[in-house]
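Got a structure for you, written out below as structure tokens; questions coming shortly.
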Amino acid sequence: MGSSAQHDSRFRSSIEELDVKEHEEKIEIVPQTPMERQIALEAALKVDPGVKRFSWAAIQMYLITFVICCCSGDSGFDGTVMGGINSMKQYQDYFGMTGVGTARFQLVDVMLTEKAAYFPDKFGRRFSMFFGNAVLVIGALITATAKNKGMFLGGRLLTGLGSTCAGASAKSYLAEMAPAHSRGAYLGFLNSFYYVGQITATGMMVSTGNFASDLSWRLPLYIQLVPAAINVSFVFLCPESPRWLYSIGRADRAREILARFHSSTNDVRSPLVDLEMREIEEKIQIDGADKRWWDFRPLFTTRADRYRAYMVILIGESFSCLLLPEESLHHLNPWCDRSIKWQRTYHLFFADPAEGCWDHVTKSTAYFEFCEQHNLIGSATIDRFGRRRILLVATSVMVAILAIVTGLLSSFGSAARSNAGITFIYLFMVVFSFGWTPMQALYPAEVLSYQARAKGLAFLGIVSQIATLINTFGLPVALQKIGWKVYLIFLIWDVFEVIVMYFVLVETKGFTLEEINEVFEAVNPRQYSEQLLKERQEVRKGQSAVA
């Protein structure tokens, strides 16, 4: 790409050209290579440094993010509520059953997730969130007022469909709205709200579980509609995704939104906005494959597309669900007969018998709060340390913890070692919350091209549900048949993940969504991304020298 001196020379030329022009004039620089784009970006930032953290535009973006995050919070609420009410005697007596069997809904989700690709590209990100959450509200009302099993199952079907549709659109929306330098934090917080839903649900059921009436399980189901109703009420007050607007021919409106939320001057002709619009114009096709909801070829057409799809599988729910599934916490029976103390620990933390349910809920609430704190810390550090570094370090630490767990829970262990093993499993989940949970929403949304984003996130949902089905149906049998050796299998799998990520994981820190497209079109995307990051540092050094 040339020597450092050449970079400095080109950078000074860009600065001088900007100084000659009037502030309101449009930049005439037409960058071609990523290096030239970076130089142009640094020059544009001299004129327009972007939105400040506590400006009115930033505060508006925070409020928008809260509305969008309700989609994720409801997903966490939904899963936790079903686990809790399944253990309630009042619920079981009303329907004459010992549980609903949530696995059947995962099978339905696999069939419905593909439909989540239709609305975001056809009608926009906002309408898709509105539609999904409106369906969820209807489903929550049906389950909360259900008089029989059929009515209850029908309501659960609607809540699953609505949650899937709204969740995929929320990820696309924030990825396309957030500035490149803080995209990691915004999408990390989106996924972190899953724990907010869990904490809310578990905390509520501590109280409602003591009710003798049907409100013990109906009230949590009513409350489930609250975050969805917040999104339904306010989502159309949020601006539409500028990239979707451009894709339907509304370039002027897309430019206005970028100026409002990315420019410090709110000037539609800001050089910073010009650069973003130029990249969008180059990469997004009007009437492209994203308008044909049945066309999933953009995920697999080229080598770059297949690489992106593999990254979605790698960093999305499939790899993360198979690291060490949370379901393992509920199937530790092989070690429960080692001591009376351990039996009590098991009943309080992992089993769901009616007599121990609320102790379990209380302690789970504290655990979810602890995970949420580390999840938020992880979200706040993504844009500072980068995706690749955080994932590699977190997964390596998880490998070490899982090796300890395997040893402690082996057939040669004692009750004390078993108790210690369970502590390390919780520690494992804390590290997972720090390193992996924020990435589940962020990385798939940003590595996918615009044409494939909605379809890719729907594909991610299908893969994640399949991984969850493997855990749901296979893990209890595996623990029963081979006991502690299950953790040895997970250990080997996690070591494999670290090796794979080291060689193929692409760093996306600080790149615009359109620049990420170019990275994946390179012969070796991982090496190319590292090269661009080094060149960016050289440009910034040149900027400091000029200053």
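Note that the numbers count up from 1, one per residue, in the order the chain is shown.
Just so you know, glycine gets a Cβ as well, placed from its N, Cα and C.
Here's the feature list from TrEMBL:
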{"type": "DOMAIN", "residues": "60-509", "note": "domain 'Major facilitator superfamily (MFS) profile'"}
{"type": "TRANSMEM", "residues": "127-146", "note": "transmembrane segment"}
{"type": "TRANSMEM", "residues": "186-207", "note": "transmembrane segment"}
{"type": "TRANSMEM", "residues": "219-238", "note": "transmembrane segment"}
{"type": "TRANSMEM", "residues": "390-412", "note": "transmembrane segment"}
{"type": "TRANSMEM", "residues": "424-445", "note": "transmembrane segment"}
{"type": "TRANSMEM", "residues": "457-478", "note": "transmembrane segment"}
{"type": "TRANSMEM", "residues": "484-505", "note": "transmembrane segment"}
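What does the local environment look like for each feature on the list?
Same-chain residues lying 6+ beyond the ends of the transmembrane segment (219-238) with a Cβ under 8 Å from its Cβ atoms: 64, 67-68, 70-71, 73-74, 77-78, 81, 84-85, 126, 129-130, 133-134, 136-137, 140-141, 143-144, 159, 162, 166, 197, 200-201, 204-205, 208, 211.
Nonlocal intrachain contacts for the transmembrane segment (390-412), taken as residues 6+ away from its ends with a CB within less than 8 angstroms of a stretch CB, comprise 315, 323-324, 335, 378, 381-382, 418, 420-421, 424-425, 427-428, 431-432, 434-436, 439, 483-484, 487-488, 490-491, 494-495, 497-498, 501-502, 505.
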For the domain 'Major facilitator superfamily (MFS) profile' (60-509), what's the mean pLDDT in this predicted model?
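The predicted confidence over the domain 'Major facilitator superfamily (MFS) profile' (60-509), as a mean pLDDT, is 78.
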